[in-house]
Amino acid sequence: MSLDIQSLDIQCEELSDARWAELLPLLQQCQVVRLDDCGLTEARCKDISSALRVNPALAELNLRSNELGDVGVHCVLQGLQSPSCKIQKLSLQNCCLTGAGCGVLSSTLRTLPTLQELHLSDNLLGDAGLQLLCEGLLDPQCRLEKLQLEYCNLSAASCKPLASVLRAKPDFKELTVSNNDINEAGVRVLCQGLKDSPCQLEALKLESCGVTSDNCRDLCGIVASKASLRELALGSNKLGDVGMAELCPGLLHPSSRLRTLWIWECGITAKGCGDLCRVLRAKESLKELSLAGNELGDEGARLLCETLLEPGCQLESLWVKSCSFTAACCSHFSSVLAQNKFLLELQISNNRLEDAGVQELCQGLGQPGSVLRVLWLADCDVSDSSCSSLAATLLANHSLRELDLSNNCLGDAGILQLVESVRQPGCLLEQLVLYDIYWSEEMEDRLQALEKDKPSLRVIS
């Protein structure tokens, strides 16, 4: 292996002693070191620590999904305390770190003024560990900008020290506390901290945190006051239509420049969708929206599609998987696919579109004005009857690059029609996803031959 490289990136590999000895010189000189799920032991952590002490070039260290434990993490952190260390990004996600190990981590943060990103998700830090961590984050020498704390066993009690960090750190840009039971009280404390903070927050992720409709008024104020905010993730919280009505005035505020909004599985219906459509019409900045897992129904689909045809809506990615759509709404989506010049990605899987609905979509995709690049139609009750329309569309459409038809009953007859179109030079598809579809050995041979004959295409199954 050449030693003249900038990055060492190894994933899911059990490292033998010989292989490890080969890698050690690289640890001493690479700018980026990623050893993801490599079965690292405490002894290996000592080797890593020694190597890091003599590597002033290190900018990123990723040790995620290794059972380092508090002792192993301590060893690694000792290596980062060299005066020459200039690390910017550290990931210890899923490393069996506990609250007891947060004291050492807190002390280390005081000595790493260059560290900008810290990933600690999937470690059981608890409230006591988070308190220790925040003491380090509050040190004037710590200039952290991005902190990920997903699945860290935090409660509302952790939100007070986090809010103190937000108030004290003007450089803070991204906070992820998803999948922690901070609940309504904790979210309110965080929002107050953000309200009082001079930080230019760019991303706030609170998915599956027990956010309620009452919190949406607090969040509305944050969205309205933080012009820097670009991403808000609130998925898997019980916001409901009432919460959407509270949140939307903030999204409509003139200073709001939100780009990405994730509100999947939030109990939103067509009524809440109507409020959201006002935002889509008014905010050209909003580019990515996930409404997956909300019972929007065909009425919600109609409202969305009418909005997508408005000149003020410049959405590029729409996720409406599992939204209780039927074939009845597909004529609306077909119009969007034919006329909208901004929508590049549509995730509409797990809706009962059936053959009639997919054939409607194909009519829109086949129009010269279609710009869609990625389409997910997995688990949409599609049969081989739709494959002739899909096959013709793949030849007529020159923008589509990815198509997912997984978990549909296409069979050999349907797959053959797709293969015959995809193999043509005029078809520009780059990725065809066919999980959970059953075909014969003969068809398997055809698919393998297709990939061999057309290297630009990947068939994923």
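Just so you know, glycine gets a Cβ as well, placed from its N, Cα and C.
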> Which of these ranges is annotated region '2 X 5 AA tandem repeats of S-L-D-I-Q' in Swiss-Prot: 2-11, 42-51, 102-111, 232-241?
Replying inline: 2-11
> Are there residues at least 6 beyond the ends of the repeat 'LRR 15' (419-447) whose Cβ is under 8 Å from a Cβ of it, and what are they?
Replying inline: 378, 390-392, 394-395, 398-412, 453-454, 456-461
>> When DSSP is mapped onto helix/strand/coil, what comes out for SER91 (phosphoserine)?
In response: strand
> Which whole-number mean pLDDT does the model give the repeat 'LRR 8' (220-247)?
Replying inline: 98
